[in-house]
Amino acid sequence: MVDYHSAGQPYPYGGNGPGPNGDYMAQEDDWDRDLLLDPAWEKQQRKTFTAWCNSHLRKAGTQIENIDEDFRDGLKLMLLLEVISGERLPKPERGKMRVHKINNVNKALDFIASKGVKLVSIGAEEIVDGNAKMTLGMIWTIILRFAIQDISVEETSAKEGLLLWCQRKTAPYKNVNVQNFHISWKDGLAFNALIHRHRPELIEYDKLRKDDPVTNLNNAFEVAEKYLDIPKMLDAEDIVNTARPDEKAIMTYVSSFYHAFSGAQKAETAANRICKVLAVNQENEHLMEDYEKLASDLLEWIKRTIPWLEDRSPQKTIQEMQQKLEDFRDYRRVHKPPKVQEKCQLEINFNTLQTKLRLSNRPAFMPSEGKMVSDINNGWQHLEQAEKGYEEWLLNEIRRLERLDHLAEKFRQKASIHEAWTEGKEAMLKQKDYETATLSDIKALIRKHEAFESDLAAHQDRVEQIAAIAQELNELDYYDSPSVNARCQKICDQWDVLGSLTHSRREALEKTEKQLETIDELHLEYAKRAAPFNNWMESAMEDLQDMFIVHTIEEIEGLIAAHDQFKSTLPDADKEREAILGIQREAQRIADFNSIKLSGNNPYTSVTPQIINSKWERVQQLVPKRDHALLDEQSKQQSNEHLRRQFASQANIVGPWIQTKMEEIGRISIEMNGTLEDQLNHLKQYEQSIVDYKPNIDLLEQQHQLIQEALIFDNKHTNYTMEHIRVGWEQLLTTIARTINEVENQILTRDAKGISQEQMQEFRASFNHFDKDHGGALGPEEFKACLISLGYDVENDRQGDAEFNRIMSVVDPNNSGIVTFQAFIDFMSRETTDTDTADQVIASFKVLAGDKNYITAEELRRELPPDQAEYCIARMAPYQGPDAIPGALDYKSFSTALYGESDL
């Protein structure tokens, strides 16, 4: 006996299989050959093969009873081959001798071999001797060649095709899951599902139970025998009581069902083609609708946002403007990033849609007016311009309001000091005390008036400063300018009155002075020295309480230096104070020494020693307060300088990193090594590495927010602003996404067109060779050179120029002057592959219509899935031909419209 388990042994039943090269149905080799002699399997094969042979032999008016005995003389074997092939075999020998039988069997085996089946180890002697194994193997080879080999379903054939056909037909039925030709058929539901799918009136499928396999099997076998002319080839009990039914017996039985329903199979194939075309069209329509909605939403958001960014309505207070700035930051952090992602996704969806349309030989998608990708880019550019202008305006407004608040406070301080000084001065100048005064009193009044005039002149600068501040507040459009102007006008009017009254009183005193001569020199000297010293102290107090605003460490250090210089003058000022107080003490000493009774205070001045000491004490108190304020501001500016350096340090790392990644992506998109899947995985890993870098951007955003909250407006330590970083980051994300999308589209093109990896690499190599500047696109001359290298006749003559112009119109329909790699791949794929056409779809519809020139809604609903049937019915125009009937639909114009005018 031959050992079929050893390597290199022939086909299990004694042949290499029924294929022309001896390897047809080679997958049968993996069946368990030890079970070939299993009694249960042999019993099933005998019954099934006998029934199958009789289903054909009865056409010739005969049959067999014992499969390994009735074929021994070769006569019925030759008759069987003539029936199933439709051909005549050589005339058999009618003798009864062994040699006659061997010759007849050899004629049958030779006929089988002539059909492309190489028989190895199956000899006529084994058949004549009644070898059961060889006889069953021979019959199985005949079944494979004449009943199973020609089965073809969706580009699969033989066993795989038959299995796929069963899976397609039984897919809608519950409790049916056909995965093989043995245990998947034990419960009988699969047999009943096949019959019900094609002849639903014969089977009440919903009444069948999975737990009653014998009833199910008998029901299917009896219905098939009675109504489908398929003989009963197996017993239900044999199948149920076997752990694994014989695969060849089941395949033989199922192939009879396939041939019985082969007519319906052709209709299904035609329906599948139509479903495939309609599914592509429906998917494209859904993508178009999604693009239109996403584009409309994005444009509407841009339309709503730009007026808000272009609103330049100023606010009255710095708090209101800071709220606007916070709203703008919230827009930047929360509202804009999702829209950036939507814009990127929109471009990716548009490119993917156009690629799918090209691959399915459909016209290019043209969005509604105003919703092109270029329209969205223009709107986005307008948005970013408005955004940049709005941020600059906000910062300038905050600076202006900050300056206004400082000036307004300074105005109020100086005005209050001046008003306090002028209080009572007008009444004093209007006094007539000189009319009853003594000569000494008059001289005292004269000296006092001179001191007042000196004081008045010293206050002239303050009045001018108040007027200048008010003028600046008006020029900067301060919101409370009316009250400032009113107060300033009142001060100026009062100042004019004081000047006029001062002049009048001086004239009166000078007129009386000729009558008065006595003078108290010490009091006069005191008054003259005390007045300017008092003014100095008042100025010092004003300066020590003066508000300041600085933006840099250098500015605060300048103020600290000026304050230190002021403190260095305090010892001399203290000496001057002691000298002035010494004059007063000396006058008192002389008066006491000469028993002179002084009448009250110094008649020449109102500045008493108590006032001088009080103001000097106040100056002494204000100096440390000023020290503290300056040190606090110095600490603040040092903190601001730290924030500047912190931001600059991070920005000087992130900025070059983004630029480097942009250059690397450009290099990767040009060099592209390995398979497209490898490239895609590499790009996605690269994209993930970029996404993983996001915390550095977030850290920079946090540092930038601290800078803005500290109102820091410049940074000399870096050339990068946060806006530069944001724009670069968004461009980096968009670029890697686009590059990934290009590779995905190349994979889609390769798979849809059947382009091999080697062809893709050859196309890439040719493209890169002529892409001299590595820009990812070819100019017209570079593209022409590339075509010539690929064998296209586009030389510089009339015919070559015409062919080149035709090709350019295909790869560059927008006349942009460049040819992208995707357009190049699309062109080469169209040149090297084939796609569905309108004629093929029309032919498929004609099969469903039974060769009629029209089709009805009932036929569409019967042959197509419900959604695609209704899709066709809604779009097909009524048929207008001479053979039209009510409800006839024109499938030809519908099929042509699917492919646009290019296929008309």
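Quick reminder: no glycine exception, Cβ is built from N, Cα and C everywhere.
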Annotated range (TrEMBL: region 'Disordered') out of 1-27, 298-324, 487-513: 1-27
Correct range for coiled coil (source TrEMBL, candidates 162-196, 442-476): 442-476
DSSP-assigned states of the domain 'Calponin-homology (CH)' (43-147) in counts, ordered helix, strand, coil: 71 helix, 1 strand, 33 coil
Composition by DSSP (helix, strand, coil) of residues within the domain 'EF-hand' (758-793): 23 helix, 2 strand, 11 coil
Non-local residues, at least 6 beyond the ends, that sit with Cβ under 8 Å of the domain 'EF-hand' (799-834): 351, 355, 358-359, 364, 742, 745-746, 749-750, 752-755, 759-760, 763-764, 767, 776-780, 783-784, 786-787, 792-793
Per-state residue totals over the domain 'Calponin-homology (CH)' (156-262) - DSSP helix, strand, coil: 67 helix, 2 strand, 38 coil
Composition by DSSP (helix, strand, coil) of residues within the domain 'EF-hand' (799-834): 25 helix, 2 strand, 9 coil
